[in-house]
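Only one structure is covered here, and it is reproduced in the block below.
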């Protein structure tokens, strides 16, 4: 008698993806973040669905409806904080997942990597539109500033911005369409994530050594299901500590004031997970140049497979590249800090140096380090 999971059309799909999947025997905890991102997406879709039942996308009542959720709906405050902090958790896992991909050379699975970049853009768009929905001060002004960047596009810029706004400023039409897009995009993200997995399972997982592991594979279940489960328990422990004890730690106090088009906040800034890109945008005095740098700060990831000069895939045995990788991580943290500071000395020059360093490490220093390391292999 054949096992049902190997014959049933639906079970067979699950079996090939999560049960009998041949997996390298030496992948570390850094490979847990894929499953954790899946968990984050499920948390966001579930909590978002319940919030959408009580939220009204109208400029007059949006702020009040969020207040109503927190005060009058059973456990509404909990659902709201799970959703708000779930976005932060999503981006923490996302950045760690990308960092692992860069460190261990996973970007050589080009299709999987490029779909991952598309997923990053979709997630950033979803998070941005979600931040607008509570219609607080930072929601309104964040939406105004970020959508206004599109006006830097030559010739069609102004028309494009007014088309997105649905008028001559951020108003009811903007809020309404942002809610519609914010609702549908997570489902698109889930579908694209399936394609991401499909391409990954075509090649199999990478491993810390960056070498083919066909000779030493083990089944995904039970070895990695139990490992993923441990990751999930640790993640949820951290997450609920954040939600229940420090729910406003990562938020902006300005968003507790209703949106007022006549009163500009002293310092407009996005959520913490966009601050590194925001700092790069602000460090260039030209508007169009800033927008190009902003987009390139993410798109540059797509160049990684094409600019590697080292003969080894992983950074595990490449000390110079390791040093540059951790310099890049530090640089992104500096950019995140600068993005949250006002535009005044010495923050301006620090931001400009950090922005130049960000692109220089990836485009210039990493390839040079690869060439030096190739020569070191011959000694």
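In case you wondered, yes, glycine gets a Cβ from its N, Cα and C as well.
Because the structure is a prediction, the values reported are computed rather than measured.
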Quick check on the annotations: Swiss-Prot lists transmembrane segment for one of 8-28, 113-133. Which range is it? 113-133
Matching range for Swiss-Prot feature annotation, transmembrane segment, among 77-98, 143-164: 77-98
Identify the transmembrane segment range according to Swiss-Prot, selecting from 226-246, 247-267. 226-246
Long-range CB partners for the transmembrane segment (178-198) (under 8 A, at least six residues beyond its ends), listed in sequence order, are 17, 37-38, 41, 44-45, 48, 52, 55, 57, 112, 115-116, 118-119, 122-123, 125-126, 129-130, 132-133, 143
Residue 196 (heme b b566 binding site) and residue 83 (heme b b562 binding site), Cα-Cα, nearest whole angstrom: 24
Does residue 196 (heme b b566 binding site) have same-chain partners at least 6 apart in sequence with Cβ under 8 Å from its own Cβ, and which are they? 112, 115, 116, 119
Going along the chain, which residues six or more apart from residue 97 (heme b b566 binding site) have their CB under 8 A from its CB? 33, 34, 37
Looking at 113-133, 226-246, 320-340, which one has the highest count of Cβ pairs under 8 angstroms to the transmembrane segment (33-53)? 226-246
